[in-house]
Ligand code: 6R9
């Protein structure tokens with residue numbers, strides 16, 4: 001996998017960039033030698049109502065985990081993303097909205113217009129009884145109103161929790177009750193790739209499982225037919241008629257939560273990752289500027305959905321805090337054809353483009369004839385995120401999209417980290433295909449031996465990736481469950497933040513992420529807990545037991561492979577396989593639907609009843625020559641059946 005070719009930034013790029021190699025080295029050294037001094041300085045990049053006097057108060061000791069940054073400062077995040085730009089660039093475009101259909105016109109929303117939209121939205125939320133600290137769930141398509149809603153919450157001090165529009169009613173209901181939301185904001189329908197997801201009717205189904213007090217605010221997107229429940233559901237455009245377009249921003253503490261975002265872990269239900277207002281904004285804005293080498297006037301496009309952390313930090317908060325023009329795209333990379341990304345880059349003269357390896361692989365498969373017709377000469381930085389990028393995809397991105405002249409930033413980070421932790425800087429870091437390269441300022445990565453937890457001091461190392469000290473964008477807690485926060489990230493390796501990823505450090509000190517070391521799989525850059533898919537499967541009346549693992553998938557990176565044992569009296573069939581796939585789809589959402597389901601009369605277990613996932617992974621990978629020791633199994637013969645009936649035949 002390791003391609004050791006190194007691509008240094010060209011002289012032109014290094015000269016024009018904010019940060020060159022020398023400055024990176026100096027700033028990085030300063031950031032880890034004197035974090036207080038470094039962040040006291042860089043914390044000033046946002047506008048504080050009351051400036052902070054305390055910079056860093058963080059503790060990674062398991063018994064006492066606590067993360068606070070700029071803790072006595074006050075600010076408003078929406079004012080930082082909108083109001084402070086009005087004097088200088090009120091008429092500049094803040095958001096370019098590119099709709100699903102390329103036949104529909106794009107919208108250009110200026111900072112002034114953004115201000116009016118957000119204030120109105122904020123006043124509507126207030127009318128609905130939402131105030132400081134209340135939770136608001138967003139279940140929306142990629143439309144400007146998603147950004148307005150986020151910023152409206154921030155303006156009045158409410159905490160938003162976005163649920164990706166691809167999630168099912170059940171998953172939505174769990175998140176609404178999980179954070180005890182007062183209002184859910186949705187739309188009639190979500191158009192994507194020429195098809196529409198019935199968001200409002202999904203939300204209706206979810207509401208059947210929530211308390212009576214929750215209200216729904218509905219954005220009209222397609223005008224499709226929907227049912228409105230009197231007294232519970234309200235149209236945004238109707239309520240907006242009667243409210244002012246001015247709304248004073250609330251003065252919030254740096255440590256007040258800005259948002260909750262549910263993410264999958266290795267055990268149990270998804271957890272609500274809580275991000276702060278001050279530290280998060282400083283970190284999202286600073287990484288956006290330096291990692292993408294953003295300069296005033298640039299057009300920045302991150303293709304993620306706002307339902308994921310990437311959309312939070314690099315469609316909305318980071319770019320808008322920097323006064324950028326940010327592109328918001330409603331559609332998919334292959335609609336109406338595989339040239340859509342590049343057509344949009346040409347049309348809006350995109351300078352920085354940020355996407356996921358799975359999208360690159362899918363487009364690579366369609367051929368360069370979909371790229372070549374478009375003028376991509378405005379591109380200055382290309383970025384990737386979400387999963388390790390294989391060198392073939394990196395090279396295609398570099399050659400076919402970047403024409404060999406555009407630096408690629410492979411950014412490693414997580415929902416929990418708020419912003420990039422390992423990443424090249426375009427003007428500073430020689431890149432190597434497949435490596436997330438070096439730490440961002442203030443980030444102290446360490447590699448520990450997985451079993452012993454010993455820190456490996458040699459430059460070349462392989463083990464689990466931990467971070468030795470806090471950075472401002474770090475999550476603060478798990479919503480309503482601080483113990484779970486401690487247990488998940490600080491228990492296994494004492495004194496460190498444990499990322500859940502495996503990692504190798506090469507002789508140049510470059511980091512290469514090797515993938516999750518826990519029971520989390522990464523499907524098309526989306527995190528999925530195997531336990532979640534398993535519990536959906538066993539909820540089906542025909543299933544007695546299920547075990548889910550990842551396997552290598554050409555486009556998705558990892559696919560979902562499910563082993564299913566049926567209840568006595570039930571027979572395996574293709575129909576049942578289809579039914580189970582659709583079952584998971586409705587229980588969790590399309591992204592969780594297993595790619596392969598193998599019916600197995602028994603699963604390999606130790607005598608104490610623990611499922612031997614190592615064996616299931618090997619069979620799923622078609623690598624059954626390397627099953628290792630099976631002698632500790634209670635019934636070694638089940639393995640023969642697994643191999644015999646494996647689904648993933650090359
Ligand atoms: C931002 C985001 C986090 C997990 C992470 C890792 C994988 C993300 C990566 C990468 C290799 C990269 N991951 N970026 N692996 N190289 N550049 O994706 O957050 O959805 O929480 O996923 O994704 O395994 O632990 P999230």
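Placed from the backbone N, Cα and C atoms, the Cβ positions cover glycine too.
Within 484, 527, the residue that TrEMBL lists together with 386, 387, 388, 410, 411, 412, 413, 414, 415, 501, 516 for binding ATP is 527. Taking the Cα of residue 386 (ATP binding site) as the reference point, the closest of the binding-site residues 195, 538, 543 is 195. Classification of residue 415 (ATP binding site) by DSSP places it within a helix. Checking the binding-site residues 193, 194, 195, 538, 540 against ligand 1, none has a C-beta less than 6 Å from an atom of that molecule. For the domain 'Acetyl-coenzyme A synthetase N-terminal' (24-81), the DSSP counts in helix, strand and coil order read 29 helix, 11 strand, 18 coil.
All protein chains considered, the CB of residue 192 (CoA binding site) has 18 other CB atoms within 10 Å.
Annotated pair residue 415 (ATP binding site) and residue 543 (Mg(2+) binding site), C-alpha to C-alpha distance, rounded: 32 Å.
Listed in sequence order, the residues 536, 537, 539, 541, 542, 544, 545, 546, 564, 580, 583 complete the 8 Å Cβ shell around the Mg(2+) site centroid, once 538, 540, 543 themselves are left out.
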